[in-house]
Amino acid sequence: MPTMSTAYEQCAADLGGAGSSDNGGGTIDPVALVKCVSESLEDSNAGMDAFFLIYASSLVFFMQAGFAMLCAGAVRLKNVQNTMLKNFLDACGAALGFYTVGYAFAYGGSEGSSSTTFIGNTNFFLMDVEDHTFWLFQFAFAATAATIVAGTLAERCQMAAYLCYSIALTGFVYPVIVHAVWSDAGFLSPTNANPLWGSGVIDFAGSAVVHTTGGVTAIIATKILGPRKGRFFDARGKPVERPKKIQGHSMALQMLGTFILWFGWYGFNAGSAVKISSAIQGRIASLAAVNTTLAAASGGVTALFTNLIAVERRMGEATFNIVYAMNGCLGGLVAITAGCAVVEPWAAVIAGFFAGVIYVVGSDLLVRFRLDDAVDAIPVHLLNGMWGAIVVGLLASPSRMMDAYETDTHVGWFYSWGRGSADATLLACQVIGLLFVVGWVTAIMFPFFIILNYLGWFRADSLEEMVGLDISYHGGGQLFPGAESAVKPEDIEAFQNRRRELQRVRSENSASITQANASQHFQERGSYHGSPNAFPQGEYADRSTAE
């Protein structure tokens with residue numbers, strides 16, 4: 001195994017063993033010794049920070065498994081394979097998109113930059129990138145932004161369209177938002193040489209950058225794609241009096257997915273400290289982890305009991321709905337993501353409390369507006385992503401802002417009242433940031449999905465949806481026998497008959513094309529490669545007919 005010389009080893013060599021018996025028992029120069037120790041510590045700190053970021057990246061990437069389990073449990077048995085493959089494609093598409101152009105657009109040429117740019121323009125294909133651990137961490141974030149949409153479009157979206165979307169979002173849409181808010185050259189970045197209104201947008205781990213981006217994409221996509229068959233409209237296309245509830249096939253998978261996501265969120269939020277080698281960086285990461293825990297717990301409990309009270313008043317019977325508890329927990333996690341390092345623990349509880357309420361109200365609004373979201377990703381990620389950004393504008397603590405961003409000039413609005421200034425600069429910056437995210441995502445993804453839909457590449461056809469996408473696209477009868485038991489036999493028979501008919505038509509078309517090509521071939525040979533006697537008319541006619 002090859003070895004690399006550390007800074008300490010180099011320094012020790014430079015000292016030359018001054019204190020050894022070989023040179024008369026001389027003493028080591030104290031200045032040189034201090035330099036050696038200092039460089040050795042820097043070496044160790046760099047290695048520790050790299051390990052911390054790789055570990056955090058692994059946790060964030062493992063959230064893909066959480067999303068896959070959550071979505072798989074929330075859909076019907078006949079669509080499980082399709083849903084999980086889309087989550088898998090999110091990871092693959094994000095890796096390729098962020099490697100080729102995404103990282104360059106997000107951070108290319110911006111480190112330490114004193115100028116403001118709209119988009120990065122260097123480091124394509126990771127050229128001249130030395131810190132690969134940071135790329136890994138940011139790729140995991142990009143994959144998370146993409147996979148938010150998977151559950152929203154479940155059971156009715158074509159596979160090829162979904163892969164195109166995943167690459168488009170992670171390669172071209174998401175990176176521009178990252179550049180604006182997180183790079184040194186971004187016009188909304190607090191680390192810009194001249195931040196917006198002296199503050200910039202404070203989004204420590206991505207309530208706006210990641211979750212609002214994914215949420216806006218989800219609501220645009222589901223509006224254009226339309227609801228699942230029978231959800232809001234009957235077979236004749238008329239609105240039903242009471243929307244049909246389409247239950248997922250496994251509550252156990254949904255709960256497993258929720259816990260995996262909660263676990264991965266510690267890498268998402270605490271890992272956004274990026275380094276952990278100093279006391280202050282360790283303090284930032286630990287606060288982020290504590291706030292993550294409290295917001296998740298607060299959101300889950302609040303959503304559970306808010307729904308219980310609402311159902312009891314409406315139906316006269318108390319019901320503890322586990323789905324509301326799980327999604328309320330996820331909403332709390334989304335809401336604390338922006339401010340996990342800049343708010344106090346009590347503020348995290350408040351953020352989670354309102355996140356739970358927002359989720360319950362948002363889920364009801366989806367039904368009222370006939371937006372079909374199989375996993376309620378829109379209220380969880382869009383609404384609570386926006387709420388998370390606002391939380392920072394209201395409750396960012398001066399001392400925590402000083403730790404995380406080395407400034408407390410502009411803090412949460414409630415703290416500003418305590419200073420006697422009522423300064424709402426930070427709150428205004430947060431609103432501007434949200435408007436930018438919504439505007440940019442809409443400007444790109446709305447026409448993107450419109451074009452996909454116009455070309456007929458977006459939605460699976462009615463019969464494929466009825467028999468399930470597992471059977472339609474993945475050989476469900478062979479790979480997952482349980483899928484067929486969840487489908488009406490007459491629907492399967494109709495689907496198989498249509499498939500046989502399509503195969504027959506293709507076969508006939510292929511034969512016609514072969515015959516036409518053969519005829520053209522012999523005509524060209526007769527015209528350009530011989531006299532009329534080379535291919536007598538009768539013989540040519542017989543051969544072309546035989547072909």
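Placed from the backbone N, Cα and C atoms, the Cβ positions cover glycine too.
Note that the structure is a prediction, hence the values are computed from the model and not measured.
Per TrEMBL, the features are:
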COMPBIAS  508-521  compositional bias 'Polar residues'
DOMAIN    52-476  domain 'Ammonium transporter AmtB-like'
REGION    506-547  region 'Disordered'
TRANSMEM  50-75  transmembrane segment
TRANSMEM  87-106  transmembrane segment
TRANSMEM  134-153  transmembrane segment
TRANSMEM  160-182  transmembrane segment
TRANSMEM  202-225  transmembrane segment
TRANSMEM  246-268  transmembrane segment
TRANSMEM  288-310  transmembrane segment
TRANSMEM  322-339  transmembrane segment
TRANSMEM  345-367  transmembrane segment
TRANSMEM  374-396  transmembrane segment
TRANSMEM  424-452  transmembrane segment
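For the transmembrane segment (374-396), the list of distant contacts is 70-71, 74-75, 148-149, 151-152, 154-155, 201-204, 207-208, 210-212, 214-216, 218-219, 222, 228, 246, 248, 323, 327, 330-332, 334-339, 342-344, 347, 350-351, 354-355, 358-359, 361-363, 365-366, 411-415, 424, 426-431, 433-434: same-chain residues at least six beyond its ends, Cβ to Cβ under 8 Å. Among the listed stretches 50-75, 87-106, 134-153, 424-452, the one sharing the most Cβ pairs under 8 Å with the transmembrane segment (202-225) is 424-452.
Here the transmembrane segment (322-339) sits against the transmembrane segment (246-268); at least 3 CB pairs are under 8 Å, leaving out pairs fewer than 6 apart in sequence.
When each of 87-106, 160-182, 246-268, 345-367 is scored by its Cβ pairs under 8 Å to the transmembrane segment (50-75), the top-ranked stretch turns out to be 246-268. Note on the transmembrane segment (288-310): residues 204-205, 262, 265-266, 268-270, 272-273, 318-321, 324-333, 335-336, 339-341, 343, 345, 347-357, 359-360 of its chain, located 6 or more positions outside it, place their CB under 8 angstroms from a CB of the stretch. Within its own chain, the transmembrane segment (424-452) is flanked in space by residues 161, 164-165, 168-169, 172-173, 176-177, 180-181, 188, 196-203, 208-209, 212-213, 216-217, 220-221, 224-225, 386, 389-390, 392-394, 396, 410-413, 416, 458, which lie at least six positions past its ends and keep a Cβ under 8 Å from the stretch.
With a cut-off of 8 Å on Cβ pairs spaced 6 or more residues apart, the transmembrane segment (87-106) and the transmembrane segment (160-182) reach 3 or more such pairs and are scored as touching. Within the model, the domain 'Ammonium transporter AmtB-like' (52-476) shows a mean pLDDT value of 95, rounded to a whole number.
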